[in-house]
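Swiss-Prot has this to say about the protein:
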type: TOPO_DOM; residues: 1-38; note: topological domain 'Cytoplasmic'
type: REGION; residues: 11-16; note: region 'ER retention/retrieval signal'
type: TRANSMEM; residues: 39-59; note: transmembrane segment
type: CARBOHYD; residues: N78; note: N-linked glycosylation site
type: INTRAMEM; residues: 114-134; note: intramembrane segment
type: REGION; residues: 129-134; note: region 'Selectivity filter 1'
type: BINDING; residues: T129, I130, T256, I257; note: K(+) 1 binding site
type: BINDING; residues: G131, G258, F259; note: K(+) 3 binding site
type: TRANSMEM; residues: 145-165; note: transmembrane segment
type: TOPO_DOM; residues: 166-212; note: topological domain 'Cytoplasmic'
type: TRANSMEM; residues: 213-233; note: transmembrane segment
type: INTRAMEM; residues: 243-263; note: intramembrane segment
type: REGION; residues: 256-261; note: region 'Selectivity filter 2'
type: TRANSMEM; residues: 282-302; note: transmembrane segment
type: TOPO_DOM; residues: 303-430; note: topological domain 'Cytoplasmic'
Amino acid sequence: MSSRSPRPPPRRSRRRLPRPSCCCCCCRRSHLNEDTGRFVLLAALIGLYLVAGATVFSALESPGEAEARARWGATLRNFSAAHGVAEPELRAFLRHYEAALAAGVRADALRPRWDFPGAFYFVGTVVSTIGFGMTTPATVGGKAFLIAYGLFGCAGTILFFNLFLERIISLLAFIMRACRERQLRRSGLLPATFRRGSALSEADSLAGWKPSVYHVLLILGLFAVLLSCCASAMYTSVEGWDYVDSLYFCFVTFSTIGFGDLVSSQHAAYRNQGLYRLGNFLFILLGVCCIYSLFNVISILIKQVLNWMLRKLSCRCCARCCPAPGAPLARRNAITPGSRLRRRLAALGADPAARDSDAEGRRLSGELISMRDLTASNKVSLALLQKQLSETANGYPRSVCVNTRQNGFSGGVGALGIMNNRLAETSASR
C-alpha cells in the first residue's frame, strides 16, 4: 500500500477588496459641495454666455458703427468747409450741445421732465429698476434723496413682484387643477360627487397633483407675447415707431433692461393724452410683472439643467472611485447567511464550528449597529411627520421632506423659495 503524500491545502488567494469608504466619501463630498458646484458651474456658463453674446453683437453692430463714424466725420468736415467754421470750434459747440442733451434739452419740443407727471414717470422707472436714463437728478439734494428713495423703493417693488409671482402661480395651479378634474370626470375616472376637501380627495391622485413647470412656462410665454403685441400696436399708432421697434421697446422695458434709446410718453402733447398715459402705465406694470415671473420659471429649467450636469459629473466621479456593479463587495455589518463561509472552510479542511462563534458575534454586532441607525432615522422621520401633521391640522400645511436635496429645489429664498413645492418639478417628492 503506497502512501501518498498529503496534498497541500489550496493556496488562498486574497482578494483585494475595494475601500468601502471611498464612494461614500465621494458622495458625501459631492452632497456637501452641491450648492457650491452649482454656483461655480452657473458662473462658468454665464461667462461663456457673455463671451458668445459679445462675439455675436460685435459681429453685427461693429460694421454699422464704423460706417456711422465715417459718415459723421465727412459731414463735420463738409460743414466746416461750407460755413467757414474751424473744426475745433465746431467740436466745442457740439460738446455744449451734448451737455444740454444730457440735461434734458431737446431740439424738438418735449414735455417738462420735472413736473408731477414727469417726476412720477421717473420714480416709476427707479423703483422698477428700469432706469431709462432720459431723466436724472442734477442737484446734490436730488442725488442724495435718490439713494435713500431707491433703496427702499426697489426692495418693496421686488417684494411686490415676488407676491405677484406667488399669486399667478397659485392661480395657474388652480385653473389647471380644475381642468384636470373636469377631464377626469368626463373620462369616468372621477365620481360626479367629487368635492375638494372630502375624504375621497385625500385618497385620489389629485391630492398631490401639481402643474408642470413646462405648462406654466407655456402659459406665461403666450401671455407675455400677447401683452407685447397689444402694447406694440399702441406704441406704433401713438409714438409713430415701427412695429419691430415697438416690440424691441416692450422687451427692453418689461425686462427692466431700460436702455433709454426709445422712451414712451415723451412728447409735449398726445391725442387722448390721459388715456394713453394710463394705458402706458398699465402695460408697463403688467409687462414687468409677467416677464419677471417668466424669468423665474425659466430659471427653474436652468437649475434643472445644472442639476443634471452635476449628476453626470458626480456619477463619473463615483465610477472612478467605486467598483463596478458586478464586483463583489465586502460589507462589514451586512446581515448575510453563513453557509458560503462554512462551505469555504470545509473545502479548506478547517472546522467550521471553530469559527462560527466569532462570525456569529460579528454578525450580531452588525445587526445591533444597523438596528440602532434604523431606530435613530425612524425617530427623525417620526418627528418630522408629527410636525407636518400638526401644521396641517392648524391650517398651515407645509410640505416636509426628509431628503432635503433630492431635486435641488428644496429651501431657497426669493422667487425660488416662493415656487418651492408649488410646481411638479420643484415638488419635494421628486
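Placed from the backbone N, Cα and C atoms, the Cβ positions cover glycine too.
Candidate binding-site residues: I130, I257. Fewest other C-beta atoms within 10 angstroms, I257. The subset of recorded positions (N78, T129, I130) lying with their Cα within 10 Å of the Cα of F259 (K(+) 3 binding site) consists of I130, given in sequence order. Annotated K(+) 1 site T129, I130, T256, I257; additional same-chain residues within 8 Å of its Cβ mean position, judged by their own Cβ, are T125, S128, G131, T253, S255, G258, V288. Note on the transmembrane segment (213-233): residues 168-169, 172, 176, 243, 246-247, 249-251, 254, 283, 286-287, 290-291, 293-294, 297-298, 300-301, 423-426 of its chain, located 6 or more positions outside it, place their CB under 8 angstroms from a CB of the stretch.
Cα of G258 (K(+) 3 binding site) to Cα of I130 (K(+) 1 binding site): a span of 5 Å.
By a simple count of nearby Cβ atoms, those within 10 Å, the most crowded of the binding-site residues T129, T256 is T256. Counting only same-chain residues 6+ beyond the ends of the intramembrane segment (243-263), those with a CB under 8 A from a CB of the stretch are 125, 128-134, 224, 227-229, 231-233, 235-236, 283-284, 287-288, 290-292, 295. All protein chains considered, the CB of G258 (K(+) 3 binding site) has 17 other CB atoms within 10 Å.
Taking H, G and I as helix, E and B as strand and the rest as coil, DSSP gives the region 'Selectivity filter 2' (256-261) the counts 0 helix, 0 strand, 6 coil. For the pair I257 (K(+) 1 binding site) and G131 (K(+) 3 binding site), the C-alpha distance works out to 8 angstrom.
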